[in-house]
Every structure is written in C-alpha cells, then in structure tokens.
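Let me begin by presenting the structure, written as structure tokens, before commenting on it.
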Amino acid sequence: MKELLGLSHLFITVFLCDISTFMVVPVITDVTMSALCPGKDKCSLAIYLSGFQQGIIGLGTLVMMPLVGNLSDKYGRKTLLTVPMILTILPLGVLAYSRERNFFYMYYVLKTLTAMVCEGSVHCLALAYVADNVTEGRRASAFGVLSGIGSSAFVCGTLSARFLSTSSTFQVATSVAVVAAVYMRVFLPDSVVGHGLTASLISKEKPDLTKPDGESTRNGTQLFKSMPSLEDMVSLLKTSSTFSQAAIVAFFSNLADFGLHGSMMYYLKARFHFNKDQFADLMVISGIAGTISQLFLMPALVPALGEEKLLSVGLLFSCAHMFLYSIAWSVWVPYVAAMFSILFFLSHPCMRSIVSKQVGSCEQGMAQGCISGICSFANVVSPLAFSPLTALFLSDQAPFNFPGFSIMCIGFASMIAFIQSMRIRAAPPMLFHRGSNCDNAEV
C-alpha cells in the first residue's frame with residue numbers, strides 16, 4: 001500500500017491525461033462523418049481515412065516506442081513524459097476552435113503527426129515508472145491499479161462527453177490536457193533508474209556520461225550509440241521464451257483491439273444508427289466494468305490464479321466480447337457485450353507484468369518500449385486487414401448480408417492470442433543486460 005501511495009502523483013497525471021483523450025472518443029465519429037459525409041450514416045471515405053491514419057500512426061509509434069522507452073532509461077521518465085503530454089494538446093485545440101471541414105483536415109494532419117510520438121507513450125513510460133518503484137511481487141497489482149486508473153478516466157471522460165455539447169467537449173478536453181502537463185511537471189518526482197547520466201536531455205548542457213574509471217565523455221555520437229537497434233530488439237526477444245511468447249500475445253491481442261476500435265463505431269452507426277450519446281453509454285458500461293476488475297478483482301485473482309492463467313482468462317472473455325458484437329441482432333446486444341470488459345481488461349496488466357519480470361531494473365523502459373513497438377506494428381497491420389473488410393460489408397456491394405463479418409474476423413485474431421497465452425508458463429525472473437548495469441552504463 002505504501003508503494004502505491006508513493007505513485008499517487010503518477011496516477012493523477014495518467015488520470016488527467018486519459019480523460020482528455022477519452023473525452024473526445026464518443027464524438028469523433030460524428031465529427032468525422034459530418035465533415036466528410038454530412039447527413040449520412042454510412043461513409044466509406046471516413047472508414048478508409050481512419051484506417052490510413054491508424055496505419056501511419058502505427059508505423060511512427062513502431063519506431064518511436066522503443067526509442068522513447070530506451071531514452072527514458074537514461075534521461076528519466078519525467079523528461080520523456082513531457083514531450084507527448086505537450087504534443088497531445090495541439091490537435092485537440094484545433095477542433096476546440098472549429099469542426100468545419102478545413103479545420104477537420106488540419107486536425108487530421110496534426111493528430112497523425114503528433115500521435116506518432118504520443119500514442120501509447122504515456123502509458124509505456126508510466127509502466128516503466130511503476131516498475132522502477134514497485135517490487136516484483138506487487139508489480140502485477142500495481143499495473144492493474146494503473147490500468148484501473150485509466151479505466152476510471154475512460155468512464156469520467158465518456159460521461160463528460162455524454163452531457164457536453166460537441167464544441168464544449170473539445171474545449172474541456174484541451175483544458176484538461178494542459179492541466180495534466182502542468183501538474184506532471186510541477187508535482188511528479190522523477191524515477192532514478194541509474195547513476196551514469198548526470199545531465200538532463202532537455203538541459204542546455206551536453207549529456208555527461210560517467211565511465212567506470214570516473215572519466216567523462218561529451219562525444220555527441222555516444223548518444224546515438226545508446227539508441228535501441230534492431231539487434232537490441234532481437235536480442236531482447238531471444239533472451240527469454242516467456243518474453244517472446246508474451247510478444248506474440250501482445251501482437252495478436254492488439255491486432256484485435258485496434259481492429260475493433262477502428263470498426264466498431266462505424267458498424268454500430270450503420271447497423272443501429274448509434275450517435276455520440278449511445279457511444280458514450282456503451283463506453284461507460286465498458287469502463288465501469290474494467291475499473292471494477294482492475295482495481296478490485298485483480299488484487300484478489302493474481303495470488304489465486306497467477307498472472308499467466310489470468311492473462312488467458314482475460315483473452316477468452318475478449319474473444320467472447322468480439323463474437324457477441326459480430327452477431328448483434330438487437331440494439332441491446334452491444335450493451336451486453338460491453339459487460340464482458342469486467343474480465344478481458346485484466347489481460348493487459350498481466351502481460352505487462354510478465355514482461356517486466358524478464359528484464360533487469362535498468363531495462364524496464366527498453367522492455368516496455370519493445371512491447372509497445374510490437375503493439376504499434378499490430379496497429380499498422382490492423383487497418384490494412386480490417387478497414388477494407390468493414391467498408392465492404394457495410395456497403396451495398398457486400399458479397400453476403402453479414403454486417404458484423406469483419407468484427408468476427410477480428411475475434412479470430414483475439415482467439416490466436418488466447419491460444420498462445422495458454423503456452424506461457426511461470427518462469428523465474430531473468431535479467432537482461434546489454435553489457436551494462438545501472439551503475440556502469442556503457443553507452
């Protein structure tokens with residue numbers, strides 16, 4: 001409990017940042033449709049543009065996540081958190097000003113560029129921050145609490161969108177994003193990962209990297225040698241079979257999650273004519289279920305079942321959740337499917353905890369960044385596979401009448417992750433070193 005209390009400023013930072021992000025999710029579909037296809041419930045252009053944006057963002061984050069994680073191991077979590085939290089404000093500010101077509105395209109470009117750095121990086125760094133400050137035995141519960149904070153923000157954000165007008169939603173989201181960045185810079189203490197680095201990345205001084213013999217170097221090329229290479233990634237994956245299996249699970253589970261996120265709202269709008277209020281209701285149900293599971297169920301279930309079994313249980317419920325969406329015959333079925341969130345939200349913190357135990361304390365940012373990079377690769381593949389499928393089966397040219405066919409295919413991807421998760425066995429923690437340690441950072 002004392003360890004969790006010590007993370008209170010991190011939890012508040014993540015909560016505020018997530019609220020600003022989740023608040024606009026229920027309304028962005030209506031804003032996109034109004035800008036591109038006004039007055040219509042079906043819009044292939046909106047689906048393809050959303051899929052293209054998701055793919056470009058995925059390519060960017062595929063490169064940036066391991067880089068951000070690795071740099072945070074050397075320059076501190078707080079320094080690297082500053083960048084995405086400031087960049088998040090820019091696209092929100094555009095739609096807070098206007099949602100006309102020209103401003104929507106400006107938002108679209110800004111969102112695509114900034115999300116290459118922002119998408120997932122706050123949570124990646126937050127996970128590494130938690131791993132810095134929580135012992136291995138309590139890490140799964142701490143990751144669960146962090147995810148529960150995110151789910152709580154999801155509920156608060158979507159509830160806000162439910163009662164605010166579209167223009168007010170973006171204005172409030174922008175203001176909350178500014179507050180989050182200021183709060184983080186003022187109150188969040190930095191994690192001490194190692195002692196080799198004696199200058200900040202955002203300092204005007206050059207990095208001063210201390211060698212074992214007490215000498216220092218200011219050679220700028222040393223910084224680039226510390227960047228994660230493909231060889232680093234491959235070596236990290238080969239270090240532990242548990243780590244590589246978790247990476248496969250991460251890829252397929254995120255392939256399914258990104259696919260569902262990119263398709264579900266357009267599917268529900270075309271199938272049942274959902275609007276922003278119904279989207280918000282659906283997300284609130286899912287968020288409340290996820291909050292209950294992560295804050296209350298996970299601390300009890302991890303000691304009883306173990307992280308590996310709980311990961312499989314969560315992914316099994318994820319499969320059921322997606323298959324139920326795909327065959328929705330009534331407007332009430334999506335609400336029932338959303339309740340499955342009470343267990344499938346457990347899979348993510350369990351997977352991250354398993355990964356964190358396979359590396360040493362100086363490699364937490366690298367490991368979490370590697371997994372986030374793999375998730376980003378899934379973000380690239382997902383729209384290529386599912387956006388055309390969704391557009392086809394929601395159009396008049398569908399080969400057969402099954403609007404939820406793409407959602408069912410997404411469920412099969414989740415099933416692959418579930419099957420792979422059943423192969424993961426509890427293994428003793430391993431230390432991964434690239435010829436360095438915390439007190440002797442050779443970069």
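Note that Cβ sites are derived from N, Cα and C of the backbone, with glycine treated the same way.
Whatever TrEMBL says is automated annotation, not expert-curated.
Feature annotation (TrEMBL): of 142-164, 188-210, 211-233, the stretch labelled transmembrane segment is 142-164. Residues 248-249, 251-253, 255-256, 259-260, 263-264, 267, 270-271, 312, 315-316, 318-319, 322-323, 325-328, 385-386, 389-390, 393-394 of the same chain, all 6+ positions outside the transmembrane segment (400-419), place their C-beta atoms under 8 angstroms from a C-beta of that stretch. Averaged across the domain 'Major facilitator superfamily (MFS) profile' (1-192), the predicted model reaches a pLDDT of 88.
Only residues 6 or more beyond the boundaries of the transmembrane segment (45-68), in the same chain, are considered here, and those with a CB under 8 A from a CB of the stretch are 29, 32-33, 36-37, 80, 84, 108, 111-112, 115-117, 119-121, 124-125, 227-228, 232-233, 258, 262-263, 266, 365-366, 369-370, 372-373, 375-384, 386-388, 390-391, 394. Remote same-chain residues near the transmembrane segment (322-346) are listed as 144, 147, 151, 256, 260, 264, 267-268, 271-272, 281-283, 285-287, 289-290, 292-294, 297-298, 301, 310-311, 313-316, 404-405, 407-408, 410-411, 414 (criterion: CB distance under 8 Å, separation of at least six residues from the stretch ends).
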